[in-house]
Amino acid sequence: MSPRIAITSGEPAGIGPDIILSALQDDFAAQLVVIGDPELFRQRAAQLGLTVDVKVCNNLADLQEHQAGQVQVLPTALANTVTCGQLDVANAPYVLETLRITGQGCLDGDFDAVVTPPVHKGVLCETGAHFSGHTEFFQTLCNSPQVVMMLASQAMRVALVTTHLPLKDIPAAITPDTIKTVTRALHHDLKTRFGCDEPRILVCGLNPHAGEDGHLGREEIEVINPTLDELRQEGMNLIGPLPADTLFQNKYLQQADCVLAMYHDQGLPVLKYSGFGNAVNITLGLPIIRTSVDHGTALDLAGTGQASNGSLKVAIENAITMATNAQKRH
Ligand SMILES: NC(=O)c1ccc[n+]([C@@H]2O[C@H](COP(=O)([O-])OP(=O)(O)OC[C@H]3O[C@@H](n4cnc5c(N)ncnc54)[C@H](O)[C@@H]3O)[C@@H](O)[C@H]2O)c1
Ligand SMILES: N[C@H](C(=O)O)[C@H](O)COP(=O)(O)O
């Protein structure tokens, strides 16, 4: 049976609804179901001039194989009518509810994977909830001890030791325990989910020039090097820590399955420069399959028809492939 993939709405005032409507004009070999407010999708389709059949499904048993141009919606109501580009904190609980429904639905076996269009972290935090990202939200929901954010483009995969942390908190978060649990989770998933029999991981240093022998920071000497040595004793092929400014060149990337960066803006700008709009964000370490886009809510483009749906299509395709492979393994 083809996998059943749940797609959340994303921030309703952003480009989430736009890219869902345009991406689902294409064929996908799966049952696709969007969790959201059907009226939002009807209104946005009209605004974009798209002909879309928005089909409300109150029962999962009614879901059918995706047909190009059709959007099957499991209804969840918005609090307020949406104006493109204008955040409304009253609609933030709706966004969180779509995440809860899909995450719990994956845990319960109702969905085989969840794909998340972009949310706006700031407006979700204004509800009083602490929301730093989907990665951390699903970690909490699934009670997972360690998750890893990995983005993949055609050119490279980049995983992160730390995710959405203020820059000032990063050195203290780069501990032997964190490096070990993240690297083990990454190594495990590269083998089991991405077909890398003996994963080769390029590891970035934290400081400029990987600390310049301790003259520009001591984390490499005191924390990163000894921890990588311990992990090598477990049989892992780890290269580094290398200076992050020169690691991202083909002669290194070609010998590796993934780069492990120490923090968000060390690794992701390079990946996004190499493939913005066509990369996928995958959360590793969860008991469920979750993929996402490589971009944010782009409030400036909502309702204009100018938002690219490329990354969402890659995220859906990756979710289908990962869910199909998981079905074969069981
Ligand atoms: N997966 C996610 O949920 C996710 C990912 C990244 C950022 N965000 C959130 O999105 C919000 C806005 O973030 P931001 O302004 O830093 O980044 P952004 O990606 O929304 O926008 C950055 C620039 O890229 C353009 N852009 C983004 N997506 C595009 C697309 N599909 N097609 C064409 N152009 C596109 C925008 O117009 C803007 O110029 C923040 O709250 C951020 O945390 C969410
Ligand atoms: N770090 C992601 C990016 O830059 O694309 C983005 O903020 C989304 O993260 P979550 O998947 O945790 O929401």
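Sequential numbering from 1, following the chain as shown.
Glycine too: its Cβ is placed from the backbone N, Cα and C atoms.
According to TrEMBL, the substrate binding site annotation covers HIS134, THR135, LYS272, ASN281, ARG290. In this view, LYS272 (substrate binding site) is surrounded by 16 other Cβ atoms within 10 Å of its Cβ, with every protein chain counted.
The annotation divalent metal cation binding site is assigned in TrEMBL to HIS164, HIS209, HIS264. HIS209 (divalent metal cation binding site) has a Cβ environment of 16 other Cβ atoms inside 10 Å.
The binding-site residues considered are HIS134, HIS264; of these, HIS264 has the fewest other C-beta atoms within 10 angstroms of its C-beta. HIS134, ASN281 are the binding-site residues among HIS134, HIS209, LYS272, ASN281, ARG290 whose C-beta comes within less than 6 Å of an atom of ligand 2, given in sequence order. DSSP gives LYS272 (substrate binding site) a helix state. Separating the Cα atoms of HIS164 (divalent metal cation binding site) and HIS134 (substrate binding site) is a whole-number distance of 10 Å. According to DSSP, HIS164 (divalent metal cation binding site) is assigned to coil rather than to any helix or strand. Within the same chain, residues at least 6 positions away in sequence whose Cβ sits under 8 Å from that of THR135 (substrate binding site) are VAL147, MET149, THR163, HIS164, THR283.
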